[in-house]
Ligand SMILES: NCCCC(=O)N[C@@H](Cc1c[nH]cn1)C(=O)O
Ligand SMILES: [Zn+2]
Ligand SMILES: [Zn+2]
């Protein structure tokens, strides 16, 4: 009578679209998960997270965070698992070949929103725990769970909760495990020991708060879009090199030993390129590709608010526009130093244009990079468990994206954090036709069970 992945995927727990219907679904999702953990024998607390103020003045309730505990034997180590049960939006009309909220198996692949990000891995951990229950075996370690429902919306209010629970819920925790990313291969398991951070910028250029007719005003204005395009064009060159002065100053120097870690990773570049449907990457070797995803910063331009982006040929001059870009940060870059460097650079470029428009730069998100010590006990336990279940050594990888909670745990709770992904490189998290392979889901469950046993031995 345990929940299946199909039942969990059927709950439309979208945290990104701030509408009451999805919030209700999120509350239902968290209630179902709390009930599951209770039936597993855990002591469960659903923490009220208050409400979220939206930019349009609306307020929406934040789904509760689940804190659960199973076992408190002082002779055993305590492993805390973090996961999230909210999902990215999914719209069947938009490229999905099956209903995103109906888990559908095709050729051993389980398609559905949240299948790999992150409902499948959370359920795999729960299944591993329940396997010990079913076999009437004592759990080898004490287990804690922290499960949230707002990760895809930026883990709203979670940092405050972690801070508040630092000396309570987290006081007895020895190790933290997250399973919220993917392998770098289709078949070879991985352990993740680092993620990049992210600093997200908005640059607003404003002439007035209404658009202009380009026949009536074109030729006599400093156009906001022309200013903005020049600003955005000044950020990165065609080889991907970021042009903000000083931005590379604090990037950790590259050592020979580190290069060898990239050499050891199996990555079929041709397959990677083909499955990504990209004609050519900026770099030609595996080592360069991995380094530019994991250990060097990158700058991406995301969009322009206020731009005319519909089909057709409207002859408008937008009166104000907001450019959006972000810089993925790596050790040892500092968020506030980056904020100053970017602001100064944009101000310099803008002042050289002698524009009469107003420019405002703001950093709306500052997430730190995270890197762990791969000699920590739980890394050894995860490696041994992978050998047992998969009969191979894992790829030791980093992730080019950002999992803010990893750094929060490291900084606030001061505990070792490991990422043990279960999904394959082509699972399509955040994309249409997200899936988890049946094989990954089942072997992943075994991996977590083996990990508990290894942790018990090594603790
Ligand atoms: N493979 C794990 C993906 C997790 C993820 O997508 N995180 C977001 C977090 C974020 C960063 N800036 C804004 N949100 C990401 O884009 O990396
Ligand atoms: Zn996720
Ligand atoms: Zn996600």
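Residue numbering: from 1, along the chain as shown.
Glycine is treated like the rest: Cβ placed from N, Cα and C.
Positions annotated as Mn(2+) 2 binding site by TrEMBL: 84, 117, 180. The secondary structure of residue 117 (Mn(2+) 2 binding site), as reduced to three states from DSSP, is coil rather than helix or strand. When Cβ atoms from all protein chains are considered, those within 10 Å of residue 117 (Mn(2+) 2 binding site) total 25, not counting its own.
Residues or ranges marked as active site in TrEMBL: 86. Annotation note: residue 86 (active site) sits in a coil segment as assigned by DSSP. Around the Cβ of residue 86 (active site), the number of neighbouring Cβ atoms within 10 Å comes to 26.
Around residue 152 (Mn(2+) 1 binding site), the same-chain residues at least 6 positions away in sequence with a Cβ under 8 Å from its Cβ are 14, 15, 16, 84, 86, 87, 88. Taken from TrEMBL, the feature Mn(2+) 1 binding site covers 117, 152, 430.
Counting every protein chain shown, the Cβ of residue 151 (active site, proton acceptor) has 24 other Cβ atoms within 10 Å. In this structure, residue 151 (active site, proton acceptor) is part of a helix by DSSP. According to TrEMBL, the active site, proton acceptor annotation covers 151.
Taken from TrEMBL, the feature domain 'Peptidase M20 dimerisation' covers 202-351.
Taken residue by residue with DSSP, residue 213 (site 'Important for catalytic activity') is part of a strand. Look at TrEMBL and you will find 213 tagged as site 'Important for catalytic activity'.
Confidence over the domain 'Peptidase M20 dimerisation' (202-351), given as mean pLDDT on the 0 to 100 scale, stands at 96. For the binding-site residues 84, 430, the ranking by surrounding Cβ atoms (within 10 Å, all protein chains) places 84 first.
Not one of the recorded positions listed as 86, 152, 213, 430 brings a Cβ under 6 Å of any atom of ligand 2.
Take the mean position of the Cβ atoms of 84, 117, 180, the recorded Mn(2+) 2 site; other residues of that chain with a Cβ within 8 Å of it are 83, 118, 121, 122, 151, 152, 429.
Taking the C-alpha positions, the distance from residue 180 (Mn(2+) 2 binding site) to residue 430 (Mn(2+) 1 binding site) comes to 12 Å.
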